[in-house]
Structures are given as structure tokens and as C-alpha cells.
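Input: a single structure, listed below in C-alpha cells.
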Amino acid sequence: MASADDYFSDFEDDELDKLYEKAINKSVKETITRRAVPVQKDLHDNVLPGQKTVYEEIQRDVSFGPTHHELDYDALSFYVYPTNYEVRDYQYTIVHKSLFQNTLCAIPTGMGKTFIASTVMLNYFRWTKKAKIIFTAPTRPLVAQQIKACLGITGIPSDQTAILLDKSRKNREEIWANKRVFFATPQVVENDLKRGVLDPKDIVCLVIDEAHRATGSSAYTNVVKFIDRFNSSYRLLALTATPASDLEGVQEVVNNLDISKIEIRTEESMDIVKYMKKRKKEKIEVPLLLEIEDIIEQLGMAVKPVLQQAIELGIYEECDPSQINAFKAMQQSQKIIANPTIPEGIKWRNFFILQLLNNVGQMLKRLKIYGIRTFFNYFQNKCTEFTTKYNLKKSTNKIAAEFYYHPILKNIKNQCENYLSDPKFVGHGKLQCVRDELMDFFQKRGSDSRVIIFTELRESALEIVKFIDSVADDQIRPHIFIGQARAKEGFDEVKYTRKHAPKGRKKVERLHRQEQEKFLEAERTKRAANDKLERSARRTGSSEEAQISGMNQKMQKEVIHNFKKGEYNVLVCTSIGEEGLDIGEVDLIICYDTTSSPIKNIQRMGRTGRKRDGKIVLLFSSNESYKFERAMEDYSTLQALISKQCIDYKKSDRIIPEDIIPECHETLITINDENEIINEMEDVDEVIRYATQCMMGKKVKPKKAITKKKRVQENKKPKKFFMPDNVETSIVSASTLINKFLVNESGGKQLVTSNENPSKKRKIFKALDNLENDSTEEASSSLETEDEEVSDDNNVFIAEGQNGCQKDLETAIIRTGESLTTLKPLHNFERPNMALFVNDCGLPTKIEKNVKDIRGNQHNLEKEKSCTVDKNNMVLSLDDWNFFRNRYIPEGVSFDVEPNFVQYTKGVKVPHCHKVSKIITLFNDESNDNKKRTIDMNYTKCLARGMLRDEKKFVKVNDKSQVDNNSVNHDSSQSFTLSNAELDDILGSDSDF
């Protein structure tokens, strides 16, 4: 016989591995090689702490089994390469490799990444019968771009495609189930995977655009991690122009996206250079103005004592005051705050010193790169903020006070105000270079050309727009292009002072303060309205308004549309214009500033030279030239390292069987009319709308006025949780997770099956067998079994409550010689809130109508069943009361619900009669679960049932029988059959009958 340990044994190793690997077709075999390494020892021949004695080398061999996707073997013999466009060598090579392994495609902007993705999607659409192909892009405009490109290249039927954005979840489950090719943002795919709408096992191809975003816990990373838990047999293609800024960043992207191969090309690559449009780069070194150098020198003199103190404390490296770097100061301050070993006083002193150096570094950066106007706005705001707080004793930073109250700063402020009061003053030499470049460019190319100017700061963008508009003619039409966030408001000295000023204790002072606040608020509102009116009168008014309130998607779309149409021919953009938007063809790019990020620099320069030759102008001042050259050199080094296989790749499933080697068939794809219409559309929203209509199988109709309709709530499908294969998905009770054993006669253990499982027997009180239910039917039926002389003809119907529900009372039972009394109604309509009955102890006087009369009057009940309260506010109407009086039988009355009575009558607060008060008290005790009351009721009920059961003789209720009014005498002294032991058993139990 099997032992108990056999039944409680864990899973076998292979079964555990199967569950751990989620039953996917991927298997990993690890080989660990250990080698001894020399270590340092002390004089006692003990290994020093921290020394590793063994070197471990882990080698993982990954293999894949057959795919779970249903393949079309007739189509596997070849793959289609569209020849609708020029066949390029690098695209041909990348497509072939991307079909059989997960690939990161990093080629310059405008070199056809979308064509590569479309070709891969087309072939997996052909090779599989039901699997899903998903193209993800981070923004709506990019999604619309890819729809146009893919459908215009591949010719995939529009009825098999779907566009899923985050605006609506309507019919999402049906769309995922019925379509095969999807265009969506990664957030939509992630949410639908988590909601159980999309089955990760159905995905066979996933394309990720702008793949350099797949870092940290981004949506791209989360999507791939989720799919990997259930599916290892899918193809992933990642597209980007710049994978990362350094080797560690590239490795992170490779790990997050399960990349097996990187196909990287540069503008100088041999197989790509012949397809590149010419991009002429012009680097211009802009010297600093004398006014700027003077201000830099004065700032250095003011901050030198603080800088010297920081150098002596060892918290900042030694340098010239004009070379203070804000980023380095911020890094040092973060290190100090995170160091728990530094005493609090010293820590915060050092922090305030570095904070001041950070502010001065920001001032110097704005002054050197953007000019005096941008510098002065920041400088004045910081000075006003600190001096106001210091004067109000809200700041005690003496180190900062030494700088901000320095007399040199007052001189700087006066100089800047004098410079900026001149409308013809040029704050930086870069502005003059921008004007000269634009004038020369438009004279040669004409006003139909397009120009984009990139800058990092919003203040600088608005200054460039205003300067171009003031010095150029109507041939140059600039506009700002920024993000949605509102501009940061400067420090409001008046508001801060009033907020922290003494508020006063007297009521007059408080009222006066409130009136002043209302007046100031009205003045601010009036001033803002006047400023807005003045801005609207200027040609740059829309740019100024956008700089203050930000540009929402509608405004951005309108500006791009006007830029393509020619209403504006110069866009001054912040980082929002670097990627993710279809701005159109641009002939000239001017980089007003530069960054140390090669990704940003490459994205900026990639905006031109796509379909025709372009020009790039790089404006450098201060050390910007060094930063740019170093960033580009680092990126070139990174590309060389990637080409030398310095990345740790991950093996991916081939999906197609190893014995099948598809051949390339170059084919001219025929595009149907619907796809051709999408390919010709320019507006993003129009493309999305048309694709959505095609997805839903509707004909595209002109837009109509939106009318709100009442939503019809649809039956929601239950949420689906995706589970690994071969697991139980239902709830498993704890008892089924263990094996139960019994000791048999021979002393051995015997396994108990579910059928043999002994159940615990419940203690049954025999005395309660006949008292278990309180209904009159069961009471009467039990009586029928004891005396067969009970007639079957006498059925009494009693109307219950407002619902008019009728119960068939089998018989009315009374003792021989006994008569019934009745309660007399008090017909006092003047005082309806008095007690309903006069005789509290009375019973109905006579039963004058037989059963036939009762049945004949049932239609009266149906008419009156809705009338429970008459016009005089009585509990029952007169007819209802008469009906009840004539048909009342004591044994046929039971309470089924616990009403919530009030303590007084309805009309006025007159107490109820004694009997009604007792009933109210009874129900209150029942509602509050009064144990004493429950025991008393059980005791009384036992006595009553025992008396009824011992009755030997019963009489029939004859049609003509009459009972005397006052002749009922209940013999409460009748003996009952319950023994004392049975009664104690009942009353001592928890039974509540």
C-alpha cells in the first residue's frame, strides 16, 4: 500500500518546470562552470572578508519547440517583398533578418523604417491563419502615419485591420476577436492585456515604433513582459533612429524587448549613403556680446566668496566663477542630502551653498546661450523671491543674503533694464544670425519653403518669434510651437506679502483686508483682460497667448495645418517638435541651442532631407560646440561597439519550422480603393476617422451635429484572466488539497476518497421534529394525519396584506362546545388615532358565512387589495375590517415579518393602547435579538403545540354553525407530552424557531 508521504509529495521537477515556464514552447538549459580563483588570506590562513574563492560561469542554452500558432503551410514556401517602391539593399537585408528573429532596426530618419515593418507584417499575415499582428506607436499622429504607410504598402484588406486608441472601449472585445491587424498605442495594448480582452497567446507579430522609449517601466516594457509570461512564439520588430545614448542604455532596450539582432545604419554606411538626400551642415560660432561679458564678470565677482567657501568645504570643484555649472551643483546637493553620516546642521549649510551655485549656474547658462532678455527674467524673479522672503523673516539663509544683497547685483539690474528699454536692442548674437539666415534662405528659395528653429526654453522661443517678426518683412511668417503645459508663473511679491502680513484681530481690519483682496483680484483680472486684448492686436499675439496658456492638441493640429498650407513658413519649436509629429517637409533646420544628448541632436537634424535636399544650421556659443562634438563622437563610438557585437542578445523563436526556408518573391502589390483613399489623406483625425469607419464596417458619412443619446447598457462580458496551460482555473477548496487516511482493522492507513469521506453528524432534537416550521399549513397537515375525520371540503382563503396573496387554509379547528368571541371595532371616525379595538382580549363574535360565500366574495378582495388605509387614516377600511372579523381563526394567524412600528399614533403623539404597546415591545425585542424574549417565546410555543397535539377530538366547521360570543374558554391546564429532559434540551439549544 502506498505510504502517506507518496500522497503528499511535491511535483516532479519536470512538472514544476512546466508550470514555471507557463507551458510555453521555450526551454532553457543552464550549465554552471566553477573555477577556483586565488584569494588573499591573513596570517592564520583565513580568507579575508569579501573575497570570492570560486568563479562561476553560467551558460544558458535556449531552445524552442513547435509554435502553437496555426500556420498556412501553402504560403510558407516564400515571402513577399513589395516592389511598389524602389528596392533598396539595406531594406531588403533587414526585412529578411527581421522575419526570422527579433530585430532592433536603427536607421536614420526618413530611410524607410515603416516599409520594413509593413513588409514583415504582411508576411506574417500570410503565414498565419488566425494570429494577431500589432503595430504600436506612442502618439496618435504616429499611429495615423503608420496606418497610411502600412495600408498603402501592403494592401492588407481594411476589413481585417483595426485602429485602437484610448478614447473609447466600445466593442473592444469584439474587435480583438474578429480582426487580425491592429494599430494602437502601447497604453491601449497594455490595458487590454491586463483586462483580459486580448489573449497574449494570439499575438504572432509585434512592431514597436520609437523603441528607444522602452526603458524602465514604460508601456512598451510592460507589454513585452506580459506577453512573455504566456507566449514565446512571436516576432518582435523594434524601430528607432537612435537606440540610446550609451552602451548601457542599448543593453537595457535589448533586454526589455528580447532583441536577438541589431541592424544599425548611419548616414555614412556604405549601403545607405547612396539613398541619402544631401544635408548640408553649417556650424556657426557666435561670440558673446560685450554687454553679456560685462554681466558675467559682475556675477562672478558677487558669487566668488560663496564659490570659494564651497571649494574649501570640498563640496564643489575648483573653477572660475564664470564656469559654474548648474547640473554639477545639483548633483552634489543630491549626494549630500542622501548621505546620512553628515550632521544635519552641516548638511543643510552645504545644501544651501550648492543651491545658490545652482541658481547662479542657471543665470550664466541663460546669459551665454539665450541672451540678456531670457537671463533678466530669471534673474529678477530669483532676486525678488529671496529678498521678499528674507525681509518678512521667512528665510534666514545668510549665505544667499550675502549674494542677493550684494551691491553689484543692483548695478546688474539697472544695466539690464536700460538695455531692454531700447526696442532695437538685440539680446544675443544668435538672434542676428537667425535673421540673416532666414533672409538669405527665403530670397533664394521663396516663401513656399519651410523652416524649423529648435530651442529648449519657451521664453527663448517667444523671443525668437518676436524678433523675427520685428525685423523681417511679410515674406517670413513665424509662429511658436510648444507643449500643452501652462507657463510657470513668476513670483508674485504683492500676493506673497499680503499672505504673510499680520491679519489683524478686529472685525474692521478683517473686513478691510477682504475688501482689499477683492479689489486687487479685480485689478488683476482687468489687467489680464487688457493684456490679452493688446496681444490679440499684434501679429505675434497667438504665439504670446500660446506661450502663457500652452498649446492643446487642437491648437497644435491647427498650427501644423497652417504650416503645411503656407500660412506660417517658420516654426519655432521646443522639444515637442523633435519627434512624434508629422510636420511635413522642411528645407532648413536651425538649432538655436544644442544638447549633450545625441538622440535629441539626431532627431532634430532628421527633420530635413527626407524627400529633398536640406540644410542644417548649428548655432554655437560658449562651450556648446564642444558638447555637440563630444555627443556625436560618443554616438559614433556606440555604433562601432554595437557593430562589434558588444551587446548580450536574447535568442528568439524562429516560428517557421527549421526545415522550411522561404524564398523571396518580389511582387507588385495592388492597393485597393479604400487603402488608396487612406494613403491620400493628410489630416490625422480624418485618417483615424476613416480607418475607424472601415473597421466597424460602416460607410463613411459626412460629419453631423453631435446629439447625446441615452446609452443602452450592454451586457458586459466577465473579465477573463489568462492562465498557464494545464492548470485548474476554478476555486479549489482547502479540503481537496490534502489526502485523508483512516486506520483500518489491520492497523494500516487507508486513503479516504471523496465518496467515503465521513461527514460529521448533526445532533437532532426529536422534540423539534414537529415544531420545525411555523406555517399554518404544516400545523394543519400534521393534525390531519392524526385524525382522518377532518373534512376536505372546508377550505378557507385568507387575504394577506396589500399583495392580495391567498393561502389555502385546509381546515379551521375548534373544540366541541367551545365558542369564539370577537373584537368589537370602535367606529370613532372623529378620533382615528385611538386604539382600533375596544376589547383587548376579545375574539371575533360570529362566523356567519360559509366557505362558498368566502369564495364568492374573492372578487371584492381583488378590488380592495390596494386600499389598506382609508380616508380617515384608520389602519383598515371598514369593509376590510368586517371581512377580517368574519374570517378570523386563532390557529390560522402567524407573523411572517417584523414590522417597524412607531411609538405613537399617526395623527398626534397619543400613546397606543396597552395591547398595541405590548406588540411593539415584542417586535422591538425580536429586532434587537433579545435572548430573554426569544426563550420566553420558545417556551410558550412549545406549550401551545403540545396542547394541540394532545387534542383527541375535533369538530368540523359547518356552514350553518354559529358560535356564541362569549363562550370561549381555553383550558390552559391541559397536559402536554414533552418531558422535562426534552424541554430543557430545547430551551437550552441555540434553535430559534
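Glycine is treated like the rest: Cβ placed from N, Cα and C.
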Among T608, T753, T776, T868, residue with annotation phosphothreonine (source: Swiss-Prot): T776
Matching range for Swiss-Prot feature annotation, motif 'DEAH box', among 209-212, 709-712, 821-824: 209-212
Record-annotated phosphothreonine (source Swiss-Prot) among candidates T540, T785: T785
Range annotated as region 'Disordered' in Swiss-Prot, from 486-507, 530-551: 530-551
Contacting positions for the motif 'DEAH box' (209-212) when only residues 6+ beyond its ends and CB under 8 Å are counted: 104, 113, 117, 135-138, 142, 146, 220, 238-240, 242-244, 249, 253, 257, 579-580, 599
DSSP three-state assignment (helix, strand or coil) for K113 (ATP binding site): helix
Residue distribution over DSSP helix, strand and coil in the region 'Disordered' (530-551): 17 helix, 0 strand, 5 coil
Helix, strand and coil residues within the motif 'DEAH box' (209-212) as assigned by DSSP: 2 helix, 0 strand, 2 coil
Mean of pLDDT values spanning the motif 'DEAH box' (209-212): 92
Helix, strand and coil totals (DSSP H, G, I; E, B; other) for the domain 'Helicase C-terminal' (507-655): 84 helix, 17 strand, 48 coil
